[in-house]
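Visitor: As listed in TrEMBL for this protein:
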ACT_SITE  358  active site, proton donor
DOMAIN    43-294  domain 'Orn/DAP/Arg decarboxylase 2 N-terminal'
MOD_RES   66  N6-(pyridoxal phosphate)lysine
């Protein structure tokens, strides 16, 4: 097993070539490291992009950079032709450094923008932004008088053609029935606010070209997409009454990254709803998937650094925790499933898993079955590619995970022969073609 960049050719940064025993191989390589590490599967990212294009070819994906801004992730998606959803100057700069056009392949989707970020976006000719209240409109009028807006509505939680200047989308609150983490409290206007906001935008000479929403995180009710797309049609009708011809529908994010059957169901619901409410020849449809592209592509490896018996319960302490990659465990605790790298052992119920810091609330899992593990063993956590690494801290001086990227050892000679990104992505598409053929 080799871990190295390929000098002088297309490189993923730090990468390694793996076979079916990749976990034991990469753990062996990192056994003397003090911190945890994250392994990214580049072929999985490529697969997700082509799966999206297969299921929803009419919807342009704008990758939510906040989900995983690793340069290799951004590079792969940029080379594949994705556009990008950015929320800050730093995210915009990261994307533009790859040669991505801010005027055609970027949306500034933060409904609360700082003056400095607004000025940067305007100077960079970012032409698509969102808003959901009158104060944001007035701020944009002050700092970016040539803007064209999308109004963002609150959702149900149960390559866009643009005019010259910055185009606005009005963000509405989505139907969030069944959502685990609501966005509607902070983002998105109510439908009854839309007429007034459209009048204000017109008064300030802002062109509102469409509507956006986001159904929230980990929604167990896929029909909320259909409900909120129906609400978008109502916004189009409200705009038409005022003489505004909208042409963009942004269905936001919330697409699962580790549950393909659910994604396929959502895709069908979205396609049917769009066909029911809109003439797709007359509008452009976009989305802001983040988790979908990266969640399943990354596995986190942590080491057991401590062990304690407390009554009938075994407590295991790892070198990553709630102040690191598991920062979101208070909300998503049930999603974390530890997998000891050494398998084939009987499980003991009632174990708890803790992080390395001095904080008493640094707990990853309150109760789960685990084998009797020794200090020094490694534990894997799947589906860790979305947000976990981005919200991690160095609290108490504990390092964030090192990131490496995995390449199938079977294609190593062809991989090393690749001279350009298109060559590499073609090779990776061949590797995952059999999965795309399954329907």
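In case you wondered, yes, glycine gets a Cβ from its N, Cα and C as well.
Unlike curated records, TrEMBL annotations are generated automatically.
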Visitor: Please state whether DSSP places the residue listed as 'N6-(pyridoxal phosphate)lysine' in a helix, a strand or coil.
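Guide: Its secondary structure by DSSP: helix.
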Visitor: Which one of these recorded positions has the most other Cβ atoms within 10 Å of its own Cβ: 66, 358?
Guide: 66
Visitor: Just the number: how many Å between the Cα atoms of the residue listed as 'active site, proton donor' and residue 66 (N6-(pyridoxal phosphate)lysine)?
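Guide: The separation of the Cα atoms works out to 28 Å.
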Visitor: Given the model, what does the mean pLDDT over the domain 'Orn/DAP/Arg decarboxylase 2 N-terminal' (43-294) come out as?
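Guide: Across the domain 'Orn/DAP/Arg decarboxylase 2 N-terminal' (43-294), the average pLDDT comes out at 89.
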